[in-house]
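Before any comments, here is the structure.
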């Protein structure tokens, strides 16, 4: 009996094993049938795919009812619905959205079919590469079916606000620096840190947020980085200490650094090939609008010191802080608008999220068709190729590790993933392109920022020379019993004697007293700027409510003198900065001058090609930069600056388009972020070199900028032409 029972048990178990094996073989046949249909689909127009059917759908299995049917009208396959605890779970099936077939290999990255575990990584990467090439062709057809309309224009303005915020961030530091230096009593040795630290933050942010955009998505990365920028930009307008102000501007720059690589990657992935070059160039105009906005707001707000208020002597809120708040508005606007926009469908397909990508593409199609007055037009795409997903096993220590240790492991893992994606930018076939793009980005940034961002210093230096040439000298004055109640400006008084004189309600601007005697004098309600007393003698003199601190008395002797209510710190007054209006106006003109270049580049980008525009613009910019050497007046220098900016903007626009088109989707934002970070590093280097030479000679930095621009343009001509390529 026992042997009979054992034999019967063995037979039952064997039958079950045979049934399960037959079931697996049936599922494999279904997968092969679907893959065969999929291959046929890629050879025909996808809008005819839904009409095709398999002739061999049903498979009948002995030993049990394991019927498998591929149903065109249902969103799931029965091939993977019935299983017992010993069955393998096939996770490749499609779920939820209308689809041609289910249980198919490589269509949705919820897992890997069973047979993939026997393949090495090289084979999986080869299959993924083939899937990506097929997806690139199919996605271009889908975007063409969706059309170009209301959705793209809505996204255009939303991303434009983010790009506008980046343009504002570049200009805001140069505009607030003179006022912030005075308000916070920043010494000359520390003033350069403000501009450099913002670029440092933008450099790190561009690399980090660009890499993160390839990990978590374009929209998500852009939302976070713009929120960081808006928060710290707003906070920096209220802080009082210079160190805390630097800290806030550092993180503000870190946040805005991710705008450019993410915005261009995001927008390029919803544009068809014939629209991409033109509309990415139009998008670049928002950077110019940001510069114009910053210049106009600085011109309108900073000089109005009547807008300031104070709470005691510890807290001062001047108009330049109002300007900082106003400059944060484009960033806040972009964050609010981004919450209503979807993720890039191209990114979702790249990471295997077929359902979400299909729904967003349908949304794009329906939005554009409704705007065209064709709401009845149906989105005919049922099935989109998704690349094979290669899973990475990561141990998070969820059972034994503490929460902060798990967070640390997660952050370290994400950073390591960003680094691996960055290193893939130097693998074949994009390695040569990365090296050439590195040279072009560095040279263009070095030349452009080296001259444009620090160009106000050139104007200020020319004005200072002119101002110094009009200085008035007074020697051997003898003044007694006189009341001075007017402004003294740009004067040098030597070997004078002032006896029983009263200096009341006065302003001293760039006034120097040398080897002079003040006896029985009174200084009351005095405001001074660049005013010093060198080797002077004060006897029985009273100082009341003045800002004449000890450092303004150089090698001077004070005998029996009295100080009452001395105003310590720096007293800010726009009237003291004779060149501020002029600087704002020059930046406004220089930014406005790029408008013609933007229009020309947008109209000709797809006609003459990216490379012709890039190389030609950089060479012409180098030539115009060279002619700045012969500028002998402010008006001539400003005119050449406007010409230089107008020519350079075409190079920037074409370089942005080429960069997004040369990198594949899985590393597009990372590569763009790296190059944008290099751009900021070159800008800092250019600022340091040109800034150190601006007071000595102007020929060296101008010749240097001209040389690097021409060389960079020649390298740019060696890049591959991407005008006729689909987005990889």
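Heads up, the Cβ atoms here are built off N, Cα and C, so glycines get one too.
Computed from a predicted structure; not experimentally measured.
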Please find, within the list 280-302, 349-371, 372-394, 395-417, the residue stretch that TrEMBL describes as transmembrane segment. 280-302
Tell me which of 437-455, 456-474, 475-493, 494-512 corresponds to the transmembrane segment entry in TrEMBL. 437-455
Under TrEMBL, which of the candidate ranges 153-177, 528-552, 553-577 is annotated transmembrane segment? 153-177
Any contact, the transmembrane segment (636-660) to the transmembrane segment (244-268), with at least 3 Cβ pairs under 8 A: yes
Take a look at 197-214, 221-238, 581-604, 611-630, 672-694 and tell me which one has the most Cβ pairs under 8 Å to the transmembrane segment (280-302). 581-604
Other than its close neighbours in sequence, what residues sit by the transmembrane segment (700-719), given a CB gap under 8 Å and a spacing of at least six beyond its ends? 433, 436-437, 439-440, 442-444, 446-447, 450-451, 611, 614-619, 621-623, 625-626, 628-629, 651, 655, 658, 662, 686, 689-690, 693-694
